[in-house]
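J.: One structure, pasted below without further comment.
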Amino acid sequence: MTELMDTALVFVYNKLNASVILYRQYTDCEKCPLLPSIDVGPNSTRSVRLSTKWDNEFSIRNNETQNFEYFNFVKSLWDQGKYQIIVEQTSNGITYSFETLESGRNNIWPIIGAIAFYILAAILWIVGLNAYRRYKSDRTVSNASDAPLTSEEKPGTTSANLKKKKRLKSLDCFRGIDMLMMIFVNFGAGGYYYLDHAPWNGLHFADVIFPWFIFMMGTSMAMSLRSQVVTHKKKILDVFWKITFRSMKLIGIGLLLATRGREPISLFRDILPYWIEWIFMLAFGLIYAMLTFVWHYDKSGYCPPGYLGPGGLHMNMTRWNCTGGAAHYIDVKVFTNNHIYQHTTSSELYNPDGIYHVVISHDPEGLLGCCTSIILTFLGLQVGKILVAYQQPVQRMARWMVWGLVLGGIAATLHFTKWEPINKNLWSFSFIGCTGGMGFIAITLLYYVIDVKNWWKNGQPFHFAGMNSILLYVGSAMTLSLIPWTFYINSSSHLPHLALNLWTATLWLTIAIVLARKKIFWTL
């Protein structure tokens, strides 16, 4: 039953005395030709099951001369709906009618129900937490009034004992939200296609998760490096070896899971002291641009420089095996096709069922994308630099918002002018601009609500997940098929899948809360 999710049944009732053929295509398939679907004999009916993820363009044509089109129309189909196209001869010539036999279901209601449930849970959490704090406060006051006033404190010890490493609570909260989003998506995202990765161009819910993690990694680097070099007076070489060792541990985890001060006066003190790093970032950007838009990697000329499409049916099937352009070509040459990700997100749109003799394999985290992902990390580093360089919250938030709006504006310009659309598969400039800008704006809002105003104390409960993100990442990857984190569901409805995936994310959040209460943290 799961394979029937997001599909509808379309009947074609042909009342003519001649055969007709149904051509169809998803409207989101950019510059794709209409494809033959079913032929229907005279005075007969046939059916075809189609995806409801995108609008469908239909064309009814004469079966003998298929270039002769009777009519063409676009329809939106609902999940599990049943529809009928009636083709008949009338006094006005050959006409069609489109009827809804069963209306199908609106899959947005489970999401609305889930949001309402978690809002109610949040309200109960806040009310319960405040009640518990009042109870503890009353007991503390009562005990203090009964205690003898004979205890003494040694001068100078209180502040030293209570002094703790100050954390950016909003960053912990942001990291926790991102980690729970990752768990939710990795376990299925309720089967909703718009909560998964975009087929090619565009931005879906899942597309921001990894970029935000990279963005926050850059922010953490700025704070950590300052702590080690300035506060703890560590040598640069010691810091370098610590970074190298930590990187090796992260790579090891990845392989394991894959196989199973004083303020200067300058207004730009968060940028100018790092001009060498900016030169390196410009170099990475130039390398990406030259290889993507200028390099003639295909000597035959079939795949031109600057091609950013998904291949397959794209551009009327004139770029069949050019998927990903230069980025894909580099990965194939370096890693060979056997080590390239084979389940490309664009396949359902641009190579349905693999029947059009098109090879579509593309790694969305390829070698060329490392150039722009490094730039995105550097943008995250800029958050930390601003945090270190400026002490006033208004100064910090103003600069973060400017960065966010400028990056968002650049991304929107590149995308909507179609110079370089937002594309997670290619890690395009517009993609890192969009996700980086969203990261700046998100950290600004969370910082104001959590760290400045303290309206959302510590960002609870998400900061618990953020403080143990490595454990949640590894644990969720190792329990993808284990009870009680997941159960087998065979249903064409989104509701049970959504409930299960939310249960998994909630369970891991509960585990993070319990571990934090017990002061158990896994760090590298």
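Positions of Cβ are set from backbone N, Cα and C atoms, glycine also.
Straight from TrEMBL, here's the annotation block:
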- 167-257: domain 'Heparan-alpha-glucosaminide N-acetyltransferase catalytic' (DOMAIN)
- 108-132: transmembrane segment (TRANSMEM)
- 173-195: transmembrane segment (TRANSMEM)
- 201-225: transmembrane segment (TRANSMEM)
- 275-297: transmembrane segment (TRANSMEM)
- 366-388: transmembrane segment (TRANSMEM)
- 400-417: transmembrane segment (TRANSMEM)
- 429-450: transmembrane segment (TRANSMEM)
- 470-489: transmembrane segment (TRANSMEM)
- 495-516: transmembrane segment (TRANSMEM)
J.: On average, what pLDDT score does this prediction assign to the domain 'Heparan-alpha-glucosaminide N-acetyltransferase catalytic' (167-257)?
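T.: Here the mean pLDDT over the domain 'Heparan-alpha-glucosaminide N-acetyltransferase catalytic' (167-257) amounts to 80.
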J.: Any chance you could find the range in 173-195, 366-388, 470-489 with the most Cβ pairs under 8 Å to the transmembrane segment (201-225)?
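T.: Ranking 173-195, 366-388, 470-489 by Cβ pairs under 8 Å to the transmembrane segment (201-225) puts 366-388 first.
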J.: Are the transmembrane segment (495-516) and the transmembrane segment (108-132) close, by which I mean at least 3 Cβ pairs under 8 Å that are 6+ residues apart in sequence?
T.: yes
J.: Taking residues 6+ outside the transmembrane segment (470-489), which of them lie with a CB under 8 Å of any CB in it?
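T.: Counting only partners 6 or more residues beyond its ends, the transmembrane segment (470-489) has Cβ contacts under 8 Å with 2, 179-180, 182-183, 186-187, 253, 257, 260, 496-497, 500, 504, 507-508, 511-512, 515, 521-524.
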J.: Who are the long-range neighbours of the transmembrane segment (275-297) in its own chain, taking Cβ under 8 Å and residues 6 or more past its ends?
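T.: Those are 303, 305-306, 308, 325-327, 329-330, 368, 371-372, 374-375, 378, 426, 429, in sequence order.
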